[in-house]
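Asker: Dropping a structure here in structure tokens format, bear with me for questions.
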Amino acid sequence: MHEKQPAVLLLEDGTRFDGFACGKIGTTTGEIAFNTGMTGYQEVFTDPSYYGQILVMTTSHIGNYGVHPEEVESEGMKIAGLVTKKFSDIYSRTAGVASLGDYMETEERVGISDVDTRALVRHIRSKGAMNAIISSEILDEKELMNRLQEVPSMEGLELSSFVATKESYEVGSEESEFRVALVDFGVKKNIVRCLAERGCFVRVFPMTVSIEELKAFNPDGVMLSNGPGDPSAMPEQINLVKEIINWDIPVFGICLGHQIFALSQGLTTAKMHNGHRGLNHPIKNLITGKSEITSQNHGFVVTHESLEAHSAIELTHIHLNDNTVAGIRLKGKPVFTVQYHPEASAGPHDSRYLFDDFISNMKTFKS
Ligand SMILES: NC(=O)CC[C@H](N)C(=O)O
């Protein structure tokens with residue numbers, strides 16, 4: 001345990017919060033976002049879709065169950081920084097191997113604790129997403145603001161290339177019933193696990209893969225992964241997905257994969273006032289009429305206006321809090337995508353059936 005060191009959180013609009021340093025002593029910048037999940041902080045912090053974001057956890061105690069090597073969604077922490085109310089230096093869980101503070105230091109992540117996170121979240125909820133800086137080495141507001149002004153806006157930022165694989169790799173056995181080509185934009189490990197558990201041999205391809213390389217693998221289906229950043233800043237990947245759709249193979253897309261699919265078909269995406277990040281987001285499946293409680297993490301969304309004007313794409317799921325587009329499919333084709341996280345790690349398993357739907361599409365396609 002360390003002596004508490006002062007730290008500052010400064011938002012782009014000049015709002016300042018004082019607290020204490022947690023994790024590495026240093027400075028970090030990014031877009032500020034909040035997650036309302038009450039558990040699963042290690043999975044969240046290692047989710048590649050959070051790359052470039054300073055994350056506020058609304059649950060008031062973070063760190064109290066330490067960290068565990070298996071509870072990661074990628075190799076290492078991906079959030080740009082952490083904001084909490086109470087940061088626990090000690091942890092109580094027999095399976096824990098280290099404290100969150102030690103893990104953040106090893107992973108070189110800067111955080112700030114003892115912030116009034118309720119006031120902070122109310123502020124960003126009304127003002128909308130904006131950039132922020134956390135520092136435990138610079139406390140001078142002018143200097144912090146100068147640094148903050150150099151941080152690019154999330155809108156227009158391509159971030160997948162910082163977190164997605166550069167080399168292909170395989171998961172599962174080649175003897176498996178289905179072969180899935182996964183295009184990696186920043187994949188969460190649990191997506192691959194959910195496929196492997198259902199009898200899939202998965203080859204994870206870098207996002208620079210060509211359509212010929214994908215075809216050469218002879219897959220039964222293509223999975224488009226989640227990932228960070230603005231989907232509209234990825235013209236090559238949008239083009240690749242257009243080619244995948246023309247190939248007429250089963251496709252399943254999650255989050256960024258869903259947004260890139262939408263853009264490839266001429267729909268548009270927009271930046272949300274505030275994203276959806278948490279474990280209890282209500283979704284309605286418009287095909288079955290059933291609701292599901294879902295895990296979410298996104299700051300962009302497919303627009304209703306573009307969808308209404310498109311005759312080949314059908315709305316399949318809506319978000320019940322704000323009616324935003326949560327799932328779509330290509331009419332008459334085995335192609336569907338969702339804005340939320342059926343692999344939900346952490347989170348409820350209500351939406352796991354989407355993996356089964358993908359499997360059943362591949363079964364039909366094979367025969
Ligand atoms: N989880 C994701 O794939 C996020 C997608 C995209 N980066 C967004 O914020 O909307």
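For all residues, glycine too, the Cβ spot is worked out from N, Cα and C.
Nobody curates TrEMBL annotations by hand; they come from automatic prediction.
Quick paste of what TrEMBL says about this protein:
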| type | residues | note |
| --- | --- | --- |
| ACT_SITE | C255 | active site, nucleophile |
| ACT_SITE | H341 | active site |
| ACT_SITE | E343 | active site |
| BINDING | S49, G227, G229, L256, Q259, N297, G299, F300 | L-glutamine binding site |
| DOMAIN | 5-135 | domain 'Carbamoyl-phosphate synthase small subunit N-terminal' |
| REGION | 1-178 | region 'CPSase' |
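Thinking about packing and proximity, how do these listed features fit into the structure?
Answerer: Under 8 Å, Cβ to Cβ, and six or more positions away along its own chain, C255 (active site, nucleophile) finds S49, S225, N226, G227, N297, H298, V338, Q339, Y340, H341. Under the DSSP three-state reduction, C255 (active site, nucleophile) is assigned to coil, being neither helix nor strand.
In the three-state DSSP reading, H341 (active site) counts as strand. All protein chains shown were included, and the count of other CB atoms within 10 Å of the CB of H341 (active site) stands at 26.
Listed in sequence order, the residues of the same chain lying 6 or more apart from E343 (active site) and placing their CB within less than 8 Å of its CB are K188, N190, I191, R193, C194, I254, R352, F355.
Other Cβ atoms within 10 Å of the Cβ of G229 (L-glutamine binding site), summed over all protein chains shown, number 25. Secondary structure at G229 (L-glutamine binding site), taken from DSSP and collapsed to helix, strand or coil, is strand.
In the predicted model, residues of the domain 'Carbamoyl-phosphate synthase small subunit N-terminal' (5-135) average a pLDDT of 97.
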Asker: Other than S49, G227, G229, L256, Q259, N297, G299, F300, which residues of the chain come within 8 Å of the L-glutamine site, judged by Cβ distance to the Cβ centroid of those residues?
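Answerer: Residues close to the L-glutamine site, other than S49, G227, G229, L256, Q259, N297, G299, F300: N226, P228, D230, P231, C255, H298.
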Asker: Ligand 1: which of the recorded positions C255, L256, G299, F300, E343 have a Cβ closer than 6 angstroms to it?
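Answerer: Correct list: C255, L256, G299, F300.
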Asker: Measure the Cβ-based neighbour count of Q259 (L-glutamine binding site), defined as the other Cβ atoms within 10 Å of its Cβ.
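Answerer: I count 30 other Cβ atoms within 10 Å of it.
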Asker: Validating a neighbour-count step here. Other CB atoms within 10 A of the CB of L256 (L-glutamine binding site): how many?
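Answerer: Here the count is 31.
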